[in-house]
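Right, one structure below, let's go through it.
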Amino acid sequence: MTHQMHAYHMVNPSPWPLTGALSALLMTSGLIMWFHFNSLMLLILGLATNTLTMYQWWRDIIREGTFQGHHTPIVQKGLRYGMILFIISEVFFFAGFFWAFYHSSLAPTPELGGCWPPTGIYPLNPMEVPLLNTSVLLASGVSITWAHHSLLEGNRKQMLQALSITIMLGIYFTLLQMSEYFETSFTISDSVYGSTFFMATGFHGLHVIIGSTFLTICFFRQLKFHFTSNHHFGFEAAAWYWHFVDVVWLFLYVSIYWWGS
Amino acid sequence: MASPAAFRVSRLLAQSHPRLRRPMSSGAHGEEGSARMWKALTYFVALPGVGVSMLNVFLKSHHGEHERPEFIAFPHLRIRTKPFPWRDGNHTLFHNPHVNPLPTGYEDE
């Protein structure tokens, strides 16, 4: 039986990068078909193949790491670099929306009434639900840290308890934001205020949903004993992502909800 | 003459002080008991903070009394350069007829 003479992971050929790329093509062309030709078929196909790709790709990573032992310390180091670089790219993604917001709000045009918020826009009170949302995400940052320390100390039950509190807080945030979206007197079509508000908070909300999903997967993996007290990178990656989502909200809150009102 | 002294020094170095030995493998970095601290922070600071914020929202909410702003057809609001791809193309995704007027005014007036 041949053995590799190094600690790296030579991944077996996989179809998921191809299906992922194809799903991206289907989603983009699907959006065009929906916007311009009133047809949802291509977009639905794209979303389905995208979901299937994600499920199978990450399932395979769990098989390779947790069950087959390919995630040696140096492989894990590479995964850490990868997650950090991905989160940095997301920071730049949000930087664009903050740029747009500050560009429009620091020098409001005459078409808006020369003021910010623009004439006719009644912003949300930052001291009501937005403040609650802030406390919810900050609390979830505390509970996820509790979950991590419980995991490090080998306390299985507490880790599950802390992680479930974190996930429930994430869901609560999402529900609060959805209710706020229905209650605002302004919409996305209400000048550049509406555009910047809903693009920035909308993408943030999507990231909260993604983060909550990632945490839920960690919850089920912990139930199935995938994590050990000193090897649980999947959980750490989810925690990093969750803290990132929290920090983006803090910037949103201070910039758009508070200063921008 | 150097050799017995060297032997004693090397024996000292070979012993590891029992109290300094921490039974943690590489990767683990928490000190014992820190989970207890974060649990306390969660239950005594973070979650009560959420509770206080919830109370604040409840006390400040005035449901029912909605003096909604009068409708003025500002050109920079209710922009419709292209119809929305859903329903009749004239309603935003989270449209609330009570607080969101259409370009032509409130729907329920």
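Each position is counted from 1, following the chain as shown.
Using N, Cα and C of the backbone, Cβ positions are placed for all residues, glycine too.
Bear in mind that TrEMBL entries carry predicted annotations, made automatically and left uncurated.
The annotation domain 'Heme-copper oxidase subunit III family profile' is assigned in TrEMBL to A:4-261. Per TrEMBL, the feature transmembrane segment maps to A:16-34, A:40-58, A:79-102, A:129-147, A:159-177, A:197-220, A:240-260.
For the transmembrane segment (A:40-58), the residues of the chain that approach it from at least six positions outside its boundaries are 14, 16, 19-20, 22-31, 33-34, 217, judged by C-beta separation under 8 angstroms. The largest share of C-beta pairs under 8 angstroms with the transmembrane segment (A:129-147) comes from A:159-177, of the ranges A:79-102, A:159-177, A:240-260. Counting Cβ pairs under 8 Å that are 6 or more residues apart, the transmembrane segment (A:197-220) and the transmembrane segment (A:79-102) reach 3 or more and are in contact.
Within the model, the domain 'Heme-copper oxidase subunit III family profile' (A:4-261) carries an average pLDDT of 97.
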